[in-house]
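J.: Straight from Swiss-Prot, here's the annotation block:
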type	residues	note
ACT_SITE	C48	active site, nucleophile
BINDING	T47, C48, H49, R50, S98, E103, T104, D105, Q109	substrate binding site
BINDING	G177, A178, G179, A180, V181, G182	NADP(+) binding site
SITE	H88	site 'Important for activity'
Amino acid sequence: MDLLSPLSAVILTYREADANALGRIGEEMRRCIEVIGPKTPMFVLHTCHRVEAYLYGASEEELSSLVERYKRHVESARILRGIEAARHLFRVAAGLESMLLGETDILGQLEEAYDRQVRAGFTRGLLKTVVERAVRVGKKVRTETGISRGPAGLGSLSIIYVSQFVDLKSAKVAVLGAGAVGAGLAKELAERGVAKLYILNRTLEKATEVAKKTGAEARPLTREEVERCLLECDVVFSAVHTLEYVIDMIPPGASVKVVVDLGVPQSVAPGLPIKVVRLSDLAELAQRYSALRKEEAKKAEAIVEEELEMLPKALAKRAVEEAVAEVMARAVEIAEEEGRRAGCEVAQLAAKTTVKRLLLPIVEELKKMAENGRVEHALEVSQIFTRLVGAPHGEPQNLKTVK
C-alpha cells in the first residue's frame, strides 16, 4: 500500500511568476481552501515567492479545478504527485527552493500556515503528517548545518540593502505587518539599534505582541497611521499581504527616504517620488549570499533525502493510529456504560482501565505491523476490531483512495 500516492501539489514560484501574479493566485487559493478543504484535506503555502497547494486523496476533477484557478492568472503551473510532492515540500522547508538559500523566514511562514489551517480543519489526516514532517526537516537542517548563517531571509537582505543609503542607528523606522516576515524584520531592526521603531498591524494585539519583544511602539495599520509614519520615519518596510496599495502617495513634508516593499502582490504603488526597494532589487544580493552556502546546501539535501526515506513509515503509523482511534474510543465508551450500570464510580474506572490495558498492546502491535510494511494487514485487523466493538464500519480518513 503506497500511502504517498494520494498526495498531489500544484506549484507556482518566483521563477515562473512575478509578485503581483503570486499575490492574486494566493488570494484565489485562500478562497479555494474554504471550498475544497472541508471535503478533501488541503494545505496552502503562500509567501512572497510561492503559492503552493497540497491535497491528499483529491479526485482528478478537484485537481483540474485547482489548476484552472491558477491558469486564470498564469499560463501554467507545475503538478507534482506522490513522493515528488513530498520532496518539494521538504526542500521548501529546508530553504533549498528559496531565492536566498537556507533562509529561515520560510520555516516560520510554513509553521504559521500549518497552525492556521489545522485549526480551521483543512489540513488533517495523513496530509497533516506530511506537513509536520516538513517542519521537522526544516528545523533539523538549520540545527545540523550552517545553511542559515548570515542573513535570515529577504527581510534581512532588505535591511542590508537599505543600510547602503540610510544610517539605521540614527533612523526612525516603521514596519507594516506583524506576521512571520514583519516580526523577523522588527527583531533584526531592534538588534541593530535603530533610533525608533514602530510596528503597524491590522490587528493591534498582534502588533503589540511584537512591539513588546522588540521595544517598539505598536500602532494600528490604518491609512492615517501609515501617513503619519511616512511623515515621521526615515524608512518604512511593508510586509503585508493585500490586494490594495497600503502606500499610494507621499504626503507633503514627509521625512521618509526609502520604502521597502516585501508585499505580495506589491503593496506600494509605482511612480512614487522616493526610492522604493522591491523584491526584484534583492535578487543580486540573494545570489551573492546563496553562493556562500552551496556546500552547506549539499548537507541539507542529504537530510531531506534521509527524512523522505522515513516518511512512508511515519504515514503508515499514522494511518493505523487513525484506524484504531475510533475502536479505542468506542471500547472505552462501552466500558464506561457497563461501569455506570454497576452504579459505582470505582467500577466505571476499573472497566475503562481494563479495556485500555487489553487494547493498548494490540494497538502497539498494529503500529509495528504498519511500520514494517504490513499496512494493509494492520488495517484489516483494525477493521475487524471496529466491527467487534460496534463502531461505524469504514476505512480511516483519506485511505479509501489508497489501494
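Cβ atoms are placed via backbone N, Cα and C, with glycine included.
How about a rundown of where these features are and what they're close to?
T.: Secondary structure at C48 (active site, nucleophile), as computed by DSSP, is coil. There are 25 other CB atoms within 10 A of the CB of C48 (active site, nucleophile), with all protein chains counted.
Here the Cβ of T47 (substrate binding site) has 27 other Cβ atoms within 10 Å, regardless of which shown protein chain they belong to.
Around the Cβ of G182 (NADP(+) binding site), the number of neighbouring Cβ atoms within 10 Å comes to 24.
For H88 (site 'Important for activity'), the same-chain residues 6+ apart in sequence whose C-beta sits under 8 angstroms from its C-beta are A9, I11, E52, L80, E97.
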J.: Let's check the environment of T104 (substrate binding site): how many other CB atoms sit within 10 Å of its CB?
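T.: Taking every protein chain into account, the count is 21.
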J.: Give me the non-local Cβ neighbours of V181 (NADP(+) binding site): same chain, 6+ apart in sequence, Cβ-Cβ under 8 Å, ordered along the sequence.
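T.: Same-chain residues close to V181 (NADP(+) binding site) (Cβ under 8 Å, separated by 6 or more) are C48, D105, G108, Q109, G153, L154, G155, A239, L262.
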J.: Three-state secondary structure of A180 (NADP(+) binding site) from DSSP?
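T.: DSSP call for A180 (NADP(+) binding site): helix.
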J.: Among all chains shown, work out which of the binding-site residues A178, A180 has the most CB atoms within 10 A of its CB.
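T.: Of the binding-site residues A178, A180, the highest Cβ count within 10 Å belongs to A178.
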J.: Could you check which of the binding-site residues T47, H49, S98, T104 is the closest Cα neighbour of G177 (NADP(+) binding site)?
T.: T47
J.: Cα distance, A178 (NADP(+) binding site) to T47 (substrate binding site), nearest Å?
T.: 14
J.: Pop the Cα-Cα gap between S98 (substrate binding site) and A178 (NADP(+) binding site) into the table, whole Å please.
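T.: Answer for this pair: 21 Å between alpha carbons.
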